[in-house]
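Listed features, source Swiss-Prot:
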type     : residues : note
TOPO_DOM : 1-27     : topological domain 'Periplasmic'
TRANSMEM : 28-48    : transmembrane segment
TOPO_DOM : 49-52    : topological domain 'Cytoplasmic'
TRANSMEM : 53-73    : transmembrane segment
TRANSMEM : 74-94    : transmembrane segment
TOPO_DOM : 95-154   : topological domain 'Cytoplasmic'
TRANSMEM : 155-175  : transmembrane segment
TOPO_DOM : 176-191  : topological domain 'Periplasmic'
TRANSMEM : 192-212  : transmembrane segment
TOPO_DOM : 213-220  : topological domain 'Cytoplasmic'
Amino acid sequence: MELLTQLLQALWAQDFETLANPSMIGMLYFVLFVILFLENGLLPAAFLPGDSLLVLVGVLIAKGAMGYPQTILLLTVAASLGCWVSYIQGRWLGNTRTVQNWLSHLPAHYHQRAHHLFHKHGLSALLIGRFIAFVRTLLPTIAGLSGLNNARFQFFNWMSGLLWVLILTTLGYMLGKTPVFLKYEDQLMSCLMLLPVVLLVFGLAGSLVVLWKKKYGNRG
């Protein structure tokens with residue numbers, strides 16, 4: 001817990017030298033792995049801010065706090081394994097009360113968007129859906145519910161995971177190298193670190209509102 005606190009303090013202070021410390025960077029990789037795994041894999045964790053975190057990671061790479069190839073590899077594994085768990089939820093646990101309950105608590109428009117993408121584009125929808133919050137968690141579950149072959153799913157799963165991580169991280173890296181960013185580095189870094197927190201709060205609040213409506217809406 002102390003190491004996690006030090007990590008957050010180093011991030012907020014933009015202390016890239018401390019972040020590059022082996023024990024600190026190990027904790028950072030662990031936290032990022034868990035967040036991306038959960039966001040891609042478990043429906044109740046779909047509100048986690050994966051997109052903005054990847055952009056922040058790209059900036060940290062630009063500042064020398066993290067290595068580019070190992071970060072891309074590790075986070076691709078996290079996203080793809082999480083997506084596989086989501087697929088398994090649909091394939092083997094889709095009819096269980098727990099998974100059906102999770103599905104019912106996601107906003108209806110995300111269900112509609114995910115179903116539309118999957119039925120219109122098939123497996124290639126995974127490539128598109130990776131870049132849409134909530135949908136990237138829901139699509140693999142729908143693929144599993146449809147009885148889709150695991151081997152075909154895995155090909156698109158790992159390809160889309162790599163593209164998602166690579167594109168957003170590279171965007172963050174390029175942002176961190178721009179003259180505008182270098183000029184306003186302190187302010188922009190603070191915004192980039194606050195953005196995932198703000199999105200997390202809004203996502204969690206939205207999920208709680210949906211849960212509340214499901215529980216009490218029918219009583220009115």
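Just so it is clear, glycine is given a Cβ too, placed from its N, Cα and C backbone atoms.
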Fill in: Counts by DSSP class (helix H/G/I, strand E/B, coil) across the topological domain 'Cytoplasmic' (49-52)
3 helix, 0 strand, 1 coil
Worksheet entry | Residues of the parent chain within Cβ reach of the topological domain 'Periplasmic' (1-27), under 8 Å, 6 or more residues beyond its termini | 60, 63-66, 185-186, 189-190, 193
Discussion item. What residues elsewhere in the chain lie close to the topological domain 'Cytoplasmic' (49-52), defined as a C-beta under 8 angstroms and at least 6 residues from its ends?
Written reply: 35-36, 39-40, 79, 131, 133, 136, 168, 192, 195-197, 199-200, 203
Response to the item:
Grouping DSSP H, G, I as helix and E, B as strand, the residues of the topological domain 'Periplasmic' (1-27) number 21 helix, 0 strand, 6 coil
